[in-house]
Amino acid sequence: MTNPVRWLFSTNHKDIGTLYFIFGAIAGVMGTCFSVLIRMELARPGDQILGGNHQLYNVLITAHAFLMIFFMVMPAMIGGSGNWSVPILIGAPDMAFPRLNNISFWLLPPSLLLLLSSALVEVGSGTGWTVYPPLSGITSHSGGAVDSAISSLHLSGVSSILGSINFITTISNMRGLGMTMHRSPLFVWSVLATAFPILLSLPVLAGAITMLLTDRNFNTTFSDPAGGGDPILYQHLFRFFGHPEVYILILPGSGIISHIVSTFSGKPVFGYLGMVYAMISIGVLGFLVWAHHMFTVGLDVDTRAYFTAATMIIAVPTGVKIFSWIATMWGGSIQYKTPMLFAVGSIFLFTVGGLAGIVPANSGLDIALHDTYYAGAHFHYVLSMGAVFALFAGFRYWVGKIFGRTYPETLGQIHFWITFFGVNPTFFPMHFLGLSGMPRPIPDYPESYAGWNALSSFGSYISVVGIRCFFVVVTITSSSGNNKRCAPSPWAVEKNSTTLEWMVQSPPAFHTFGELPATKETKSYVK
């Protein structure tokens, strides 16, 4: 990092991918700090560390959600892993629009600063990540905090849209000779299946929050019934973005897991085409189920019946993916190295979260479970565990390719087990809290919920130790004192891998390929 010009004006996909990883790590640490503050407040009944400032509690909730979704998972998963891997995997010299790639990243730091500054303006933005009116309206949040948070969302949304345009163009037009779409690795497909929902859903969010901005500042009444508006309109627009967003966060992770499971089972992925069409199906179906977040707003009974059925149908392509991963492992010679541990952990935790989600998909049951800790448990199992474990798995899988040095295997496995035994006690008790009726955005609660909350808070402290362990591993791996050079193919996968990143040196040259590779066969698995 000694040459600032190289990093400020870089058009190299590997440099920009590295910047995304660093940014995601910084935002992730901030988001984790906020979550630990939340858990410290909830560790016991009554007012704890926040001294009864319930608005501050909601500001922490809001900042935690935005940081983790828009500034940690999306930049690290799509920006970091996508930028580093996609051009190499398809045999392209770089991304299609290198300078657009640069501005996509550099929109994020000012966006993050806007979000953090919103917490310092008057009483902060305590709206939750949904920013629903009338709570986000000018009467409830009179200062500039919500406006600052909305501006932050606009900037990060532009960044994501530009990035997705870049990925779609790169994958469509810049594949190497012989690299047809049906020969493309599954991670490439997963990024493509993520880029289209980003491109289609984020402009809808932009429209919704722009309406909110004009309601707050220019006296429009899009969300005010007194002027002919309707707050439910905003909910529809936000959720039309919000549900595809969940799949935007998890789909690249499923591509990473497919690579890892194949490599460490010593077998090609079972049902490659089925996996491709499952990812596309998830991307499409994600747009057809948004109102399952809105069963309590007074929807027509037929509408609720449709959204219940459509939500359950999403379980079909998800099941195809999970059974394909299990079939890939079945009968394979499995090596439980750190990436494989995180991949298997991600599959297990994602499955638990998905099964928990089938319950509130029923509109009748959701009346009881809506906005309780059951919903918090469900989406944290899918995201905080499914997506983040996939991120850890992918980082460990490709870290030798990035740094050119191997990571300490024992420490990596310790990181996995500490994190696994941290996140489960954190989020599993939330199912019981939700079933008991504990509502979500509250900093105080009756004594009857104290036991599960204490266990949940204890688990979050263990998770912090796991994150500390992760940074120790990264520091050791990247340090100049680490003399364990990484081979071009550290997992010895030449014979059972068809992906191009193992054919180049570690780390790859500034320009990855001296001459562009030609893909001549679809099956290079040699017995």
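Including glycine, each Cβ sits where the backbone N, Cα and C put it.
Swiss-Prot lists His292, His293 as binding Cu cation, and of His243, His378 the one it places in that same site is His243. Record check: Swiss-Prot places Glu41, Gly46 at the Ca(2+) site, and the matching candidate among Pro443, Pro446, Pro488, Pro490 is Pro443. At the 8 Å Cβ cutoff, the transmembrane segment (454-474) and the transmembrane segment (246-266) share fewer than 3 close pairs (sequence separation 6 or more) and do not count as touching. Apart from Glu41, Gly46, Pro443, the Ca(2+) site neighbourhood in this chain, defined by C-beta within 8 angstroms of the site C-beta centre, holds Leu42, Arg44, Pro45, Asp47, Gln48, Ile49, Leu50, Gly52, Tyr57, Asp444, Tyr445. Long-range contacts of the transmembrane segment (103-123) within the same chain: residues 8, 16, 19-20, 23, 27, 30, 55-56, 59, 63, 66-67, 70-71, 75, 79, 141-146, 148-149, 151-153, 155-156, 158-160, 162-163, 166, each at least 6 residues beyond the stretch ends and with a Cβ under 8 Å from a Cβ of the stretch. Note: Asp371 (Mg(2+) binding site) has non-local neighbours Thr296, Pro439, Arg440, Pro441, i.e. same-chain residues 6+ apart with C-beta under 8 A of its own C-beta. Most Cβ pairs under 8 A with the transmembrane segment (59-79) among the ranges 186-206, 375-395, 414-434 are made by 375-395.
Taken residue by residue with DSSP, His380 (Fe(II)-heme a binding site) is part of a helix. Taking residue pairs at least 6 apart in sequence, the transmembrane segment (269-289) and the transmembrane segment (186-206) share three or more C-beta contacts under 8 angstroms. Of the candidate ranges 18-38, 149-169, 246-266, 269-289, 414-434, 246-266 contributes the most Cβ pairs within a distance under 8 Å of the transmembrane segment (375-395).
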